[in-house]
């Protein structure tokens, strides 16, 4: 137990090094901009009087010595004064945000006689545009990626640009501390009412005079938020104490997530939006304007989060009962941040300090009742305010961060001076149209400059992360592949681990001291880097000290494993190189499918069939062996076909146009439709057969004999879980009354019962892992109860037919004591994955488990055929580890996932949690389990690569080829040999874990390099950055899973030890 702890400590150290390296790289690659807490301020126009025409300044005299037009013109001359003055509000605003309202949802095509569910469903907009062209505006409303709700709300209220890393905070809503239009309303004594998505509650707590939040994260709930907004809107619309009323409905977005846009439910939800708009238009007065906007769009599968055209193109509709300005050229689209200065201008508050939006002039009222000023001159002043605000922000931002060069700033100020000179000479509407275009171009150029600058990468942090991860993977592989297991055991039983951890803690203490003395600023990054460097030095010293042994080991392997190592290297190199190609990343699933099917077929063909097993059985064993080979080939064909069929469960990326029948339709592979009865039947039958086959295996192994708690639960609980899952899927398809929650409660009960049974089964299996039952012989007092004596008797019984068999006590399941635990835990995990993946994709969990089982069998037989001694079976070939990695990678795609944010299955978060759990950790955990289920299963079951040969030798001896009799007789003890040589078992499992982690680490390193090389690539944020993020998260999941699998092995070995001690006491 003590020795195994040292291995575990090294694995923890390895995990820390990998995680810290990735986080260091992330700090440089996924940068966030500097957020300023400055707020724009202004003095109301009505409170400012003229001092003199010659020396104009803000003062508050008793008399006004100039007209409003002259005072406005004087403001234009002094940009310092311009930024400090607010014109009066022109209207109240109803802001209706329809989540995921794609632009084509609001268009109306009269020629379309057979519209799809999302087409021609909001005719009120078309009618208002036709009847009141001077009172309405429609635009494509372009969002800045990432297209997640929280980031869009930030953009819609602050006018600032998001950064890519902000996508990760969509489920960890934090209060906005930068200047925004909500706070500006409060600072200027205006009132805001909110109703709808409770995300606003986290971003703007205690900001609204009345607040009606509704839970937003349950994508299965299409109506609660919408009905709540509709109810509250009826009560608030005629109140006069608010200046801004915000309603945020989610039904369209949730419908997209659950069903996709091409579903009858989308027709219903868009029809409700049409009715809501009609109601608001009828109820608002002359002083109120209606804005209907989408925060983002959705893909043809109903998802969002990326930067495809459908995701970033939302809809914008404006209706006002007073005429709107009609100046300059008509625009087809506006950026979402452009709404911020537009709303601020209408509401009479300062434009938020960090805004980069451009005022949309034609969305402003044509006249202001409280001001007797020409419309074009008023528009010019509004636009000049916008220019001053943006330039002030860039100037202030540059003071705190050396982001913009002084040359760039000088150029901007020179352009500003030229614009100011033109502004003063503007005396007609024609001149205004020319200068307004220049002013908008000025703001546009600044925004484009910020977009380019804010994706500048911190090359120092990225380099540190890359180097540390490379060195970690490099040294780990050398230690695992080059140092023999016996030598590793000697190293770890010495003082190596104590010395290493002492050095790491000392380095951490030094860094903390320097931070306390204020010599360093970024504590976490410095700790990561300092401990990483110290770790690499320690590992390098370890490698140098053992270099002679490593060289001899590699020389030996080069002679004995030449072909397999060559194949392994070729596959690994091509797999890694492919990650640098955007087309490979898009189509990687096909490559992995080809590799996996090839491995299955070649592995089965490569197994040799022998004519001799033992001379006594020559006459009857030959036919059995031939028949076994045939059965194995047939099984390989079935498994290969099943893996091939798993293509049915793939989800497609937006770039894979072959999935789509047209721009808005998805083929049956990717369509988000409710499951059919056939799919339900296939899923349930596959799970039932899966449980039956695993039970039969365990029963034949002798691990389901007896009545211990673990065995009893293993017999009955998996069947109960399948029944609960089947009931959950069946009940989910039953239409329910929208006014009742009985159906939802029943679904929750079934899902939570499934979770509880799975958790119970796993915990009991880990706490009491042995599935062993002793059947004593007649001579119960003899010494034959000791394990060595038992096996001695078993051996002798093979040759001594006349021995009284009743004298031999039977220990059922001891020969498969290790593997049975992993099989049982694997079954529970597979059932959990099936529930979270839903009934359409659930059969792939069975395919995944059975494919892994077949790989273990063929790999075990090939290794046994090649082995000359038992010790060779403790050395797992690199090709076997690579195959296990390919299994994890392929079934990530086969389980319906892609390394893109729109393909994340958010609905997994609400299986059993709807209306019960709102904790983001619980919901996020369910999503992670759903997304990375293959990584979890392969990581936890990784020790089976070591255990399986001993299992196969006991359970399927007919598959073995010609072997030395002594080896066969030694191996008949099965997995007991793992206990007898536990020192070798743990060192081999440790080496196996290090190599497996290194294999995944190489993929992460390649993804990091690809993202670095392609950081200016057109597809970096669409392909390479998401691929890096998914590989990194998969790496984290792999680390946790491998550690869990290693701990389970320690627990099993300890339990076997106690069992042996107990058994010997009986003798």
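Cβ coordinates come from backbone N, Cα and C, glycine included.
Unlike curated records, TrEMBL annotations are generated automatically.
Proximity of distant same-chain residues to the transmembrane segment (7-30), defined by a Cβ-Cβ separation under 8 Å and at least 6 residues beyond the stretch ends, is recorded for 163-165, 457-466, 468-469, 472-473, 476, 492, 497, 500-501, 504, 524-525, 528-529, 531-532, 535, 986-987, 989-990, 993-994, 997, 1001, 1004, 1008, 1011-1012, 1015, 1025, 1028, 1032, 1035-1036, 1039, 1042-1043, 1046-1047, 1050. Residues annotated as transmembrane segment in TrEMBL: 7-30 (among others).
Residues annotated as transmembrane segment in TrEMBL: 465-484 (among others).
Among the features that TrEMBL reports, transmembrane segment is placed at 496-517 (among others). Away from its own ends, the transmembrane segment (496-517) comes close to residues 6, 9-10, 13, 523, 526-527, 530-531, 534-535, 538, 542 of its chain (Cβ-Cβ under 8 Å, at least six residues beyond either end).
Sequence annotations record features per position, and here TrEMBL assigns transmembrane segment to 566-584 (among others). Listed by sequence, the residues of this chain that lie at least six past the ends of the transmembrane segment (566-584) yet keep a Cβ under 8 A from its Cβ atoms are 591, 595, 877-879, 882, 999, 1002-1003, 1006-1007, 1009-1010, 1013-1014, 1017, 1019, 1023-1024, 1027.
Under the heading transmembrane segment, TrEMBL lists 590-609 (among others).
If you look up TrEMBL, you'll see 630-650 (among others) marked as transmembrane segment. Panel annotation: around the transmembrane segment (630-650), residues 589, 593, 596-597, 600-601, 603-605, 607, 669-670, 840-841, 843-844, 847, 850-851, 854, 857-858, 890-891, 893-896, 959 of the same chain, lying at least six beyond its termini, place a Cβ under 8 Å from a Cβ of the stretch.
Among the features that TrEMBL reports, transmembrane segment is placed at 678-694 (among others).
What TrEMBL lists as transmembrane segment is 706-729 (among others).
Residues or ranges marked as transmembrane segment in TrEMBL: 749-775 (among others).
Long-range contacts of the transmembrane segment (840-862) within the same chain, counting only residues at least 6 positions beyond its ends with a Cβ under 8 Å from a Cβ of the stretch, are 596, 599-600, 603-604, 606-607, 632, 635-636, 639, 642-643, 645-646, 649, 675, 679, 682-683, 686-687, 689-690, 725, 826-827, 830-831, 833-834, 880, 883-884, 887, 891, 894-896, 933-934, 937-938, 941, 944-945, 948-949, 951-953, 956, 959-961. Look at TrEMBL and you will find 840-862 (among others) tagged as transmembrane segment.
Sequence annotations record features per position, and here TrEMBL assigns transmembrane segment to 874-893 (among others). Residues 481, 485, 561, 564-565, 567-568, 571-572, 588-589, 592-593, 595-596, 599, 643, 646, 650, 844, 848, 851-852, 855, 859, 863, 931-935, 937-939, 942, 945-946, 981, 984-985, 988, 991-992, 995-996, 999-1000, 1003, 1034, 1038 of the same chain lie 6+ residues outside the transmembrane segment (874-893) yet bring a C-beta within less than 8 angstroms of a C-beta in it.
Beyond its flanks by at least six residues, the transmembrane segment (936-960) meets 607, 610, 613, 621, 624-625, 628-629, 632, 697, 700-701, 815-816, 818-819, 822, 825-826, 829-830, 833, 848-849, 852, 856-857, 859-861, 863-865, 867, 873-874, 876, 880-881, 884-885, 887-888, 891, 929, 968, 971-972, 974-975, 977-978, 985, 988-989, 992-993, 996, 1037-1042, 1044-1046, 1048-1049 of its own chain at Cβ-Cβ distances under 8 Å. Marked as transmembrane segment by TrEMBL: 936-960 (among others).
Between the transmembrane segment (678-694) and the transmembrane segment (706-729), the number of CB pairs under 8 angstroms, six or more residues apart, is three or more, so the stretches are in contact. Remote same-chain residues near the transmembrane segment (706-729) are listed as 675, 680, 683-684, 687-688, 691, 694-695, 698, 747, 750-751, 753-754, 757-758, 760-761, 764-765, 768-773, 812, 824, 827-828, 831, 834-835, 838-839, 842, 911 (criterion: CB distance under 8 Å, separation of at least six residues from the stretch ends).
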